[in-house]
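These notes are about the structure you will find just below.
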Amino acid sequence: MKTFLKQAFVVSGAALNIAGHGCAHGYPAVLFAQLIRDGGPVTLTDHDTSWIASSVGLMGIVGNFISPVFMSKLGRQKSHFISTIPALLGWIIFIFGNTVPMFLLARFLHGLALGLRTPLAAILVAEYTEPRYRGAFLGTFAISLGLGILLSHIWGAYLSWKNTAIVCSMFPIISMVIISLSPESPYWLVSKSRFEDAKKAFKWVRGDGEQQNEELDKMIQTQEREQHENENGKEIYRSFSITRYALNSFKSILKIFKKKEFFKPSIVAICMLIVFEFGGAHMLAAYGNVILQAVLNKENLTDVTWQFTVIDFLRTTCAFLAIFLLKNFKRRTILFTSGVMTVLSLTTISVFMYARNSGYINQAWLVDVLPMVLMITYTFSFCIGIVPLNWVICGEVFPLAYRSLGSTLSTSFLTPAFVISMKTAPHLYSSIGVEGAFLVYSATLTICLSIMYVLLPETKDRTLIEIENTFKGISTSDKEVKLSLLEKKVSSV
């Protein structure tokens, strides 16, 4: 129990950091609504709002590529601490800034913090916690993100946008304190051959039992063996020119991209990320009040405050329910049920809005009740399956040998998808209306879900080798036949 509490303490630092990023995702809705309502200190255009909302993604990709360097050179603890600094600075700028350039700078810093944290969070859980707790700890991240969005909107309903920024800044501050009190990752210390420090850190976070000592000994032995192999490989490396090495590396990457077990999962991961973004993962948090104003046909953004809170609360509730679903149901069942329901919900909302605006629907009870019911159905459909499955599928489909390259590819593709969805949303809403935008999103989701239906195998309770063989087109029976033929050859020899 003591080791569990220590692991929970370390993970809570990451969870609070993620909750702070949830606040950053939800904050534009608070900022835009209050600036429009109060008329100052600056007047925002659609161009301004789209850049403020989407600028997080522009710096996110920078953070994604810097984070692995920090993790390797500085360690997990220092990298985690560094990721909280731009988040805190962003909130400070919101507190004292009153111009669009200052708002953009704050959002750039939040994007940098998000990019630094994204590759780090799952690694922290993997290296600090026991396997039996990892699933539950990873599930807390989705809950923390949804909770951060919910709290930012609740605080924004009762506080000014500056005071909301002050309260939101508490998340990175508390996270900094927890990270400072946490040890360095024993896995990173072992990788740097700091074995004595690794033993102390490992015993602090995992305990001092026989099983734990055996795991630690295996880690150290593996590192010593790899270190010896690397030293032998240095002489071989010196015999090659840098140009030849770079050329051979480029050829190797091209060969990897041509393999079925890599390019098929890549297509699946990219389609999953498109569904995640254009389904509304971040648009609903940033532009949810604008969407609700149009769908519910209200005059002001402040008229949808309680409805927005219901949507936020439902998102957080779905994060809890998703843990149960992922444990008990197949991935494809959850994904395509959620996907079809999301497409149908978006389409139904769009058709309803067109019919209402044309005067075909004018019954008072229908106009008042049905729009909110449809928005609740859409939010539930999207958040119960597509949202939690996004990173699960992206993490499971890539073969072990190419996981690092595949993860980098999918993570780097997320940022452009985020920027495009957030940047185009206000322009779509003002040109073709929310109802037209929803039709565009439902068509996009339909195309990507159809591709995944063809390419994505079932991944639940299957090993990475089994998933890889499925992408290669090798079934279990084919493998058994090959093994039997190999055994016959061996026996004949």
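Heads up, the Cβ atoms here are built off N, Cα and C, so glycines get one too.
In TrEMBL, annotation is done automatically, which means it is predicted and not curated.
TrEMBL lists 1-460 with the feature domain 'Major facilitator superfamily (MFS) profile'.
Per TrEMBL, transmembrane segment is recorded for 50-69 (among others). If you look at the transmembrane segment (50-69), the same-chain residues 6 or more away from its ends with a CB under 8 A from one of its CBs are 24-25, 28, 31-32, 44, 79, 83, 100, 103-104, 107-120, 286-287, 408, 411-412, 414-416, 418-427.
The transmembrane segment annotation in TrEMBL covers 81-98 (among others).
As annotated by TrEMBL, transmembrane segment applies to 104-125 (among others).
Look at TrEMBL and you will find 137-158 (among others) tagged as transmembrane segment. Same-chain neighbours of the transmembrane segment (137-158): 7-8, 11, 14-16, 18-27, 29-30, 33-34, 121-122, 125, 129, 164, 167-168, 171, 285, 288, 305, 308-309, 312-313, 315-316, 318-320, 322-323, 326, 383, 387-388, counting only residues six or more beyond its ends whose CB sits under 8 Å from a CB of the stretch.
Per TrEMBL, transmembrane segment is recorded for 164-182 (among others).
Taken from TrEMBL, the feature transmembrane segment applies to 267-292 (among others).
Sequence annotations record features per position, and here TrEMBL assigns transmembrane segment to 304-326 (among others). Here the transmembrane segment (304-326) has Cβ contacts under 8 Å with residues 26, 29, 135-136, 139, 142-143, 145-147, 149-150, 153-154, 157, 284, 288-289, 292-293, 296, 298, 334, 372, 375-376, 379-380, 383-385, 387-389, 392 of the same chain, all six or more residues outside its ends.
Annotation comment: TrEMBL describes 333-355 (among others) as transmembrane segment.
The transmembrane segment annotation in TrEMBL covers 375-393 (among others).
The transmembrane segment annotation in TrEMBL covers 400-420 (among others).
Annotated transmembrane segment per TrEMBL: 432-456 (among others), in sequence order.
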Closest-packing stretch to the transmembrane segment (432-456), where packing means Cβ pairs under 8 Å, from 81-98, 164-182, 333-355, 375-393:
333-355
Mean pLDDT for the domain 'Major facilitator superfamily (MFS) profile' (1-460), as a whole number?
85
